[in-house]
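Peer 1: Got a structure for you, written out below as C-alpha cells; questions coming shortly.
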Amino acid sequence: MWDAASAWLDEQCHVRAQDSNQRNTGPLAAERANLTTRPRGQPQNQSSKREWKPLEDRSCTDIPWLLLFILFCIGMGFICGFSVATGAAARLVSGYDSYGNICGQKNAKLEAVPNSGMDHTHRKYVFFLDPCNLDLINRKIKSVALCVAACPRQELKTLSDVQKFAETNGSALCTYDLKPSEYTTSSKASALCPKLPVPASAPIPFFHRCAPVNISCYAKFAEALITFVSDNSVLHRLISGVMTSKEIILGLCLLSLVLSMILMVIIRYISRVLVWIVTILVILGSLGGTGVLWWLYAKQRRSPKEAVLPEQLQIAEDNLRALLIYAVSATVFTVILFLIMLVMRKRVALTIALFHVAGKVFIHLPLLVFQPFWTFFALVLFWVYWIMTLLFLGTTGSAVQNDQGFVEFRVSGPLQYMWWYHVVGLIWISEFILACQQMTVAGAVVTYYFTRDKRNLPFTPILASVNRLIRYHLGTVAKGSFIITLVKIPRMILMYIHSQLKGKENACARCVLKSCICCLWCLEKCLNYLNQNAYTATAINSTNFCTSAKDAFVILVENALRVAAINTVGDFMLFLGKVLIVCSTGLAGIMLLNYQQDYTVWVLPLIIVCLFAFLVAHCFLSIYEMVVDVLFLCFAIDTKYNDGSPGREFYMDKVLMEFVENSRKAMKEAGKGGVADARELKPMASGASSA
C-alpha cells in the first residue's frame with residue numbers, strides 16, 4: 001500500500017511537472033537552453049558529476065517522508081480527538097471536584113465513590129480548600145476541590161465569615177458532608193473547611209476556577225521572586241505602569257518595526273562603508289582592550305607595597321596574576337583576530353556585494369518583508385492548538401479512586417505514552433513550519449537570481465515559491481525538519497536531567513552533561529545551516545533532500561573561506577544591527593517614559609519594549625541573513641558553471657560581476673606568487689581557462 005501510494009504521487013507530480021514545462025513561457029524558458037555542460041575533454045571531479053540546472057524541471061521530492069509526516073499529523077489529530085471524546089474538554093473548561101463531578105451540570109454516579117453523581121447545575125466554579133499548596137512535580141494543586149456557586153471576592157478570616165458567606169451567597173466552601181450551620185460547631189470543621197484565612201479569589205475567564213487575586217502565596221515556589229512578588233505595592237505599581245503607558249508601549253513597538261525596515265534599506269546603500277566600519281571597530285576594540293589590560297597590569301605591578309597587610313598583599317598578587325592571564329589571553333586573541341582579518345580581507349568584498357544585492361532583492365520582492373509575520377502567525381496557531389490538547393490530556397482518561405478516596409482521571413495501557421508523542425509533535429511541526437519559511441524564501445530568491453531580465457519576474461515570486469513548495473517539496477521539508485528534531489530531543493532530555501540533578505551530581509557528571517548539551521547544540525546549528533542550503537539546492541534543481549544536502553555541502557567546501565567571511569563579518573554586522581534597534585528603541589522609551597508622571601516605576605514597560613524590539617529586529621534581519629546565504633550559494637553555482645562567454649553568460653547582478661572581474665584581475669596579477677588565491681578563484685575562471 002505504501003509503495004503504491006508513493007508511486008501514484010510520484011507519477012502525478014511528474015505529470016504536473018511536464019504540464020508546467022509545456023505551459024512555461026516565463027523569462028527562463030529561453031535561458032535554459034544556454035546552460036550547457038563542461039567540454040567533454042575537461043576533467044571533472046567525482047563529487048560534481050551531476051550538473052546544476054536551475055529551474056529546468058520540477059518533480060516531487062521525498063514522497064515517503066511526506067506520507068510519514070501526514071501519518072504523524074493524523075496521529076496528533078487522534079490524540080486531540082481522543083481527549084475530547086473521553087470528556088476531557090468538558091472537564092477542562094467547566095472543571096471538576098475531587099469526587100469526579102463536573103461543575104455546572106448533572107453528573108452520573110461513580111461506583112464506590114462517595115459524593116459522586118451530584119447535581120451541580122447551579123455550582124459552576126471550582127474552589128480549592130488550599131489553593132496555594134502546589135505539587136510542581138505532578139503539575140497539580142494538592143488540595144480538595146469543590147464545586148461552588150460563587151468565588152469569595154473578599155478575604156474570609158474566620159469560620160464565621162465562611163458560614164456567613166455560605167448563607168448570604170448560597171455558596172458552601174466546606175466539603176459536601178458538612179452543612180453551613182455546622183461550620184462553627186462541628187469538631188471536623190478545621191479539616192473539612194478551607195484553610196484560613198481564605199484568600200480573595202476571582203474566576204479565571206473561560207475555565208471557571210477560583211484563583212487567588214493575590215499571587216504572593218505562590219512565592220515560595222519561585223525563590224528568586226519572593227521579595228518582589230510579596231511586595232504588593234511594587235507589583236501594583238508595575239501593573240499600573242504598564243496599563244498607564246500602553247499607548248507609549250504600542251508606539252515604541254511600532255517604532256522598532258519601522259527602524260527594522262529602515263535598517264534593511266540602509267544596509268543596501270551603505271553596505272560597503274558599514275562592513276568596513278564594523279571590521280575596523282572590531283580590530284580597534286580588541287587592540288584597545290588589550291592595551292588597557294597591559295596598562296592595568298603595569299600600573300598594578302609598579303604600585304608600592306609598603307605597609308600592606310599580608311592578606312591584602314596576597315589579594316594584590318592574585319589580582320596581578322589574573323591581570324597577566326587576561327592580558328596574555330587578550331593579546332593572543334587580538335593576534336589571531338588580526339591574522340583572520342588579514343586572510344579574509346579579500347573575501348570581505350564578496351560580503352559587501354552580497355549585502356548590496358540582498359537589498360535589491362527586497363525591492364523586487366517586497367512580500368519578503370512580511371514573511372516573518374506569516375510564519376509567526378502559523379506558529380502561534382499551532383502552539384495554541386498544542387497547549388489546548390496538552391490541557392485536554394491532563395484531564396483525560398478513566399475515573400480512578402486514589403489512596404485519599406478522591407477521584408483522578410488516568411490513562412492506562414499504551415495510550416499513557418501519548419504525552420511523548422505530543423511533545424515530539426511540538427518540535428517536529430514547529431521545525432516544519434520554520435523550514436517551510438526557509439524553502440519559501442529560497443525559492444523566491446532563486447527565481448530572482450536566475451532570471452536575467454528582472455523586469456520579467458513573476459508577478460508574485462513569493463506566492464509562486466509557496467505554490468512550488470506545496471506541490472513538490474513538502475516531503476523534503478518534512479525530512480529536513482525531522483533531522484533537526486532528532487538532535488533537539490536528546491538535547492532537551494539531557495537539559496531536563498541536568499535540571500533535575502542540579503546540586504546532586506558530582507563535578508565530573510555535571511561537566512559531562514554540559515559537554516554533551518553543548519555538542520548537541522553545535523550539531524544542531526551546523527545541521528540548521530546545512531538544511532537551509534539543502535533547501536536552496538532543492539529549489540534550484542528539484543532534487544531530494546540527501547542529494548541537495550550533498551551538492552550544497554560540496555559547493556560550501558569549495559568556497560570555505562568565503563563562507564567563513566560571510567558568516568563572521570555578515571552575521572556580526574547583522575547582530576550589531578539588532579543591538580542598534582534595541583538601543584534606539586530603549587533610548588526613545590526612556591525619554592518618553594521619563595515624562596510620564598502617572599507612575600514612578602517604568603522598568604517593566606521598558607523591558608517589554610526592548611524584548612519586542614529585539615524579536616522584531618531578529619525576525620527581519622534573520623530573513624536578510626537567509627537571503628544573503630541563498631544568494632551566495634547561487635553565486636557559487638553561477639561562477640562554477642558559467643564564465644560570461646557566449647552561451648555561458650552569468651546570471652548574477654552587475655555588482656557581483658564587478659567582484660568576479662576584480663578577482664580575475666587579482667589572480668592574473670598574483671601569478672605564481674598567489675597560489676592560495678589562485679586556487680580559490682580557479683572554479684570561477686575554469687571556463688575561461690578551458691576556452
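In case you wondered, yes, glycine gets a Cβ from its N, Cα and C as well.
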Peer 1: Transmembrane segment per TrEMBL: which of the ranges 198-219, 572-593 is that?
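Peer 2: Per TrEMBL, the stretch marked transmembrane segment is 572-593.
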Peer 1: Which listed stretch (248-267, 273-297, 323-342, 348-369, 419-450) has the most C-beta pairs under 8 A with the transmembrane segment (376-399)?
Peer 2: 419-450
Peer 1: Thinking of Cβ pairs under 8 Å, which stretch from 248-267, 348-369, 572-593 has the most of them with the transmembrane segment (419-450)?
Peer 2: 348-369
